[in-house]
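Since the structure comes first, as structure tokens, the remarks are kept for the end.
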Amino acid sequence: MDTERGSISSSEISRTAHLQDRTVACLPPSYGQLVTILSIDGGGIRGIIPGTILAYLESQLQELDGEEARLVDYFDVISGTSTGGLIVAMLTAQDQSGGHSRNSNRPLFEAKEIVPFYLKHSPKIFPQPRGIFCGWGETIVRLVGGPKFNGKYLHDLVEGFLGDTKLTQSLTNVVIPCFDIKKLQPVIFSSYQAVNNQAMNAKLSDICISTSAAPTFFPAHRFTNEDSEGIKHEFNLIDGGIAANNPTLCAIAEVTKQIIKKNPVMGDISPLDFTRFLVISIGTGSIRNQEKYNAKMASKWGLMCWVFESGSTPILDCYSEAIHDMVDYQSSVVFQALRSEKNYLRIDDDSLKGDLGSVDISTEKNMEGLVEVGEALLKKRVSRVNLESGHYQPISENVTNEEALKRFAKVLSEERKLRESRSPKLKI
């Protein structure tokens, strides 16, 4: 046990007894030096981009720690919005099939299976319009005929592989934002909250369907969940991207709340000690450099044009980009102000153009293009938000995202080994 940090008392361990009821893959921060966070943006079919990045990160961890290594073994919190929420569930829901003889706490999917999953199922989740439903026909249907997609295939798919798995049954702590359209307020589904509030311990399938229910694209999702006293709580939810398309700050906030509450699993980490935070935030690409709209165009728009214009949804594009950018800007400010910028890695591409910038074009050509975007992004230099201009610019060091992920993988591997060496359960 590290004498500088001190040992973990038996009383602290007993106070975290609720964790022993959960099958978790990652030992808590109290056994290590860091709190580790992975965040995945929303973006529909563009989830292929983070899928490519995550596959690379997991492959680096497997090179260090063996082929059984999974992302869930290294992160205290994995957060995701919309398509990011679906990826979170894939990476953290436990595989109940018993296919892993050496280790029972394995997730349903490896990171390398995310992209094939999207390539296989996206054409049915986002069926492309044909015949009279193309062009103006599609426009009229979208304006007066309900959401673009009925969501049935997505619902059946998610319910099929997640079953009745509850939020607290995830293999690490999960944070997934949604938005309650009845109460007009965000709902953050967090494993930390769900442990003590049964009403928030919803099925992962309901949470994934809800956070993916993008207005105009998929129907809103209603479900109920009982609290510990048997009282039913109603949820009327839509896409979490309305509140936090980039859920990085949501995840940091959930961790910070646990630190403030002195949850013993957090050890002696201080809320403002960002040298002890390690955050990887992965985007789904941005159309900001495409400059699709301008003031001359928008000055002539009425309600309908703001909702639907030339195959796009300007009002949603504006909200999504604004929320996405502000979170990254604020995160960058905090880490740079506290001299911890090397602990924060944001990977995103702000140069998407044409169909690549859509959230629902599921043609083979477009999906292959998104895979190429993800692969090219690995080769690009690490960029950070310039605090004066607000734009991304490469950092001074000539480091690619691929190289940065290798460095983070090494830090994550060392942190995991440190926790295992300090854990009484794992000592021989």
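Glycine is no exception: its Cβ is also placed from the backbone N, Cα and C atoms.
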Segment assigned the feature motif 'GXGXXG' in Swiss-Prot (from 18-23, 42-47, 180-185, 384-389): 42-47
Motif 'GXSXG' per Swiss-Prot - which of 80-84, 225-229, 420-424: 80-84
DSSP-assigned states of the motif 'GXSXG' (80-84) in counts, ordered helix, strand, coil: 2 helix, 1 strand, 2 coil
Listed recorded positions (Asp239, Ser423), ranked by Cβ neighbours within 10 Å, top entry: Asp239
Residue pair Asp239 (active site, proton acceptor), Ser423 (phosphoserine) - Cα distance, angstrom, rounded: 39
DSSP-derived class (H/G/I helix, E/B strand, else coil) of Ser423 (phosphoserine): coil
